[in-house]
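Peer 1: Below is a structure I'd like to ask you about.
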């Protein structure tokens, strides 16, 4: 019988971290071996008790390198799932790769230069790494539908809406959507007039191939995206709404299982489906 995949969760007490702990505990082929969080008031506490599952015998620690070192000694190839913060994610991934622990990154905010550097580092180390801005299967389907629609429309804008604790804007999912549309090799939104913003930023950020991205941050939201196409006489709106973070867990578990089979960095859930 195969041994379960050892998994460390970094950002274990955050919203996504808690859902990931629950998903790992419920799965038969993965096992939680580490839980990392920065908050001083949870150090040493059982992560199972914190998330409401009862004892899992996994104490919370803030020692990332120490936990990566321990995980690297597991019989099976270990994985670290990271839901932390844009300010530390680059260093977190480099440390994981250095210890041979396969990173599954749900934290957004990495820029293109950082992604390229991490890709080169992972390739040299022959370590698989997955950077996934959105783990929802429905979101992947929205992106694919947007690609099909963009063949017939020259005008498109992206609206992304998230909870008010999200640190980066625009979201990694919106950027990924714009990048996928831009890969078609066409320039969108040919100008009709000379625009003048009376308030800077009113028309949103200009992404690749002139695709504008608009960000909303409000309490009450979780994660939502609209891709809006326009043509004379009609509007086509594609929308995905996250109602509960549990919708991400099938994608998270899929990534945990897949990343150990890879060498190098892959960006986007669509690349492993």
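Glycine is no exception: its Cβ is also placed from the backbone N, Cα and C atoms.
From Swiss-Prot, here are the annotated features:
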BINDING   11, 12, 13, 14, 15, 16, 106, 107, 108  NAD(+) binding site
ACT_SITE  162  active site, proton donor/acceptor
BINDING   163, 172, 173  (S)-2,3,4,5-tetrahydrodipicolinate binding site
ACT_SITE  166  active site, proton donor
Peer 1: Mind giving me a neighbour count for the residue listed as 'active site, proton donor'? Other Cβ atoms within 10 Å of its Cβ, every protein chain shown.
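Peer 2: Step by step: centre on the Cβ of the residue listed as 'active site, proton donor', count other Cβ atoms within 10 Å, giving 18.
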Peer 1: Once 163, 172, 173 are set aside, which residues in the chain still have Cβ within 8 Å of the Cβ centroid of the (S)-2,3,4,5-tetrahydrodipicolinate site?
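Peer 2: Counting only non-site residues, the set is 108, 133, 134, 160, 162, 166, 168, 171, 174, 223.
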Peer 1: What's the CA-CA gap between residue 172 ((S)-2,3,4,5-tetrahydrodipicolinate binding site) and residue 13 (NAD(+) binding site) in angstrom, rounded?
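Peer 2: So the alpha carbons of residue 172 ((S)-2,3,4,5-tetrahydrodipicolinate binding site) and residue 13 (NAD(+) binding site) sit roughly 22 Å from each other.
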Peer 1: Taking each of the binding-site residues 13, 173 in turn and counting other Cβ atoms within 10 Å of its Cβ, which one has the fewest?
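Peer 2: Minimum Cβ neighbour count within 10 Å, taken over the binding-site residues 13, 173, occurs at 13.
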Peer 1: Please report the distance from the Cα of residue 173 ((S)-2,3,4,5-tetrahydrodipicolinate binding site) to the Cα of residue 15 (NAD(+) binding site), rounded to the nearest angstrom.
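Peer 2: Just about 18 Å between their Cα atoms.
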Peer 1: Check each residue in the chain of residue 15 (NAD(+) binding site) that is at least six apart in sequence and keep those whose C-beta is under 8 Å from its C-beta; list them in sequence order.
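Peer 2: Non-local contacts for residue 15 (NAD(+) binding site): 245.
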